[in-house]
Ligand code: SF4
């Protein structure tokens with residue numbers, strides 16, 4: 001609601017300034033503006049406006065100079081020049097969402113959050129989504145406040161990393177404080193060292209992880225007799 | 001499901017154990033399915049004598065089964081048509097040769113030294129009569145001079161006793177008839193096979209299964225050790241007294257020629273149970289493992305096949321009784337047992353208050369783990385996360401969606417997914433949407449049955465390579481093995497040590513890989 005009223009106000013403000021635009025500039029500006037918080041790619045502008053390349057390029061420069069439009073990074077395709085009317089904030093589809101900063105996935109930040117959440121679960125033995133969310137708000141370890149969805153995303157990634165598992169409370173032992181049947185999270189008990197799942201039979205031998213297995217034959221150029229991976233593996 | 005490298009590996013094992021000629025015959029049978037003697041001579045281009053001898057070896061070692069297919073529609077000219085014995089290679093039995101040490105280990109855990117020795121003989125010679133087993137036992141004791149009198153009464157009793165024990169726990173069984181008549185597979189089956197014959201190797205499996213099912217001796221005599229004086233024990237035999245009577249009159253005459261061999265099915269069942277229990281132990285806890293172990297032990301003989309999808313249903317009371325019988329379960333309460341059963345995935349009781357555990361699920365999780373660890377090692381952590389997402393979702397997901405849910409850069413995701421697809425770890429579909437603007441999406445999915453076949457084939461390939469490399473290392477240092485022990489010093493000693501390490505590593509890796517082969521093929 002708020003968004004639309006401020007847009008209205010801006011549009012009123014802008015009327016005089018669009019008056020000073022040349023025809024091609026106005027056409028272009030209207031197209032860009034009609035895309036709202038999605039913005040538009042230069043190639044698409046050219047197609048939609050039917051203006052020649054040099055005209056479009058010149059108009060874009062002037063519109064930018066007049067601060068009517070801005071260039072934005074489109075996460076979907078960073079190589080493409082993408083423009084948006086100045087009054088809009090790029091949508092999630094353009095920025096990539098909460099975990100992005102300046103068009104890049106903020107991997108360091110994500111890993112930090114993951115790590116802190118994991119440590120919290122480890123300490124708690126079992127934890128629920130609500131519990132973790134509350135801890136993230138109250139403990140003061142995070143400078144920002146996370147939404148439920150964000151914490152959910154972090155937990156989901158930790159599950160995919162096989163760092164934690166989603167289980168239903170049995171009400172026994174570690175689950176004693178959680179109502180029976182509630183979904184909670186627990187660290188995986190891994191045989192191997194932390195972070196690395198137990199290597200399977202294939203993962204522990206050269207052929208199991210060999211990129212050339214499909215071209216390796218008993219008597220071929222690539223063969224277990226001549227194989228360099230084996231040479232290295234059996235180098236005692 | 002017979003994979004290309006499965007056959008290659010099987011042929012390799014046969015070559016190692018019995019030489020090239022036998023392997024040639026075996027390979028043709030594996031590749032072409034059941035053949036007659038004449039056909040085999042034609043395909044192998046060996047002499048009749050060579051083929052016959054090879055077949056004898058293969059039959060003796062339970063790697064080939066002869067059978068006669070009953071023809072239904074030739075009733076009129078039955079006399080005219082000549083009986084055609086066909087030979088069927090038993091791929092599974094060939095591969096089991098790799099596992100003999102494991103089978104012996106199981107017996108040494110469950111039974112005594114005599115039983116281990118007896119089984120060792122059966123594995124080494126394929127199949128033996130009681131008399132041959134006694135001869136062998138006497139030989140081992142150094143009684144060779146007495147061989148033909150054989151009348152070391154102690155030996156025969158000891159052997160009979162051990163054989164009886166092995167039969168009771170089903171580790172040994174009577175061999176099927178040498179060349180039984182088998183009815184043709186049902187019409188419906190034939191059609192299905194015809195239609196699917198392009199799908200790799202559907203045919204041999206179906207025939208193999210059909211023949212194998214048909215030749216198993218009836219339950220009553222399969223595990224019985226009958227002698228002149230003994231009558232079939234009918235306690236676990238479903239036969240009517242009339243049948244009983246009929247059998248007892250025939251058997252005394254055959255007594256001496258009755259052949260016994262290891263019952264691989266039971267060994268594989270034991271291996272599977274072990275894997276199930278250990279998986280539950282790591283995934284859940286010791287209690288759940290104890291309970292599953294007790295259930296499987298109690299229902300062992302009630303399992304109709306190795307690949308049981310669900311455990312045989314038992315009531316909570318029965319389960320509890322079985323659990324407290326075990327050492328680790330002695331102190332458990334019935335509430336604890338119930339809650340573990342819930343953890344094991346049986347939330348509701350069936351109508352008759354019985355519980356049954358989804359074993360297929362446990363096997364599936366174990367397979368996933370093996371495949372995921374390959375993905376992690378071969379393609380890295382991002383790929384691992386994406387693969388696990390798809391594996392869990394079990395449906396098509398779009399590239400960006402995958403990237404988002406796994407915290408992978410959107411521009412990097414397609415590359416990784418493409419690599420996985422190219423190596424046949426993922427299935428891909430293109431989706432073209434023609435709305436305001438035409439856009440193309442790529443959808444990805446883990447197709448488990450197909451992937452598992454693919455991974456299994458890679459595993460056979462890897463097993464073959466391990467075995468070839470082992471042979472190569474031995475051959476390279478052949479002269480080292482002929483040097484007397486006391487001469488191995490200095491530089492030689494270093495080489496000798498290396499060879500031993502190489503040997504140990506390759507052997508143990510092969511055994512571990514074989515566990516994975518069983519997981520994907522036999523369980
Ligand atoms: S033998 Fe060497 S080249 Fe061949 S599959 Fe194994 S590791 Fe790869």
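The backbone N, Cα and C atoms fix where each Cβ goes, and this holds for glycine too.
On a predicted model such as this, the values are computed, not experimentally measured, just so you know.
Range B:180-200 is the one annotated as region 'Disordered', of B:180-200, B:201-221, B:222-242 (source: TrEMBL).
Each residue in the domain 'DNA-directed RNA polymerase III subunit RPC3 winged-helix' (B:371-444) has a pLDDT score, and their mean in this model is 91. Helix first, then strand, then coil: DSSP counts for the domain 'DNA-directed RNA polymerase III subunit RPC3 winged-helix' (B:371-444) stand at 40 helix, 17 strand, 17 coil.
For the domain 'RNA polymerase III subunit RPC82-related helix-turn-helix' (B:10-67), DSSP puts the residue distribution at 43 helix, 6 strand, 9 coil.
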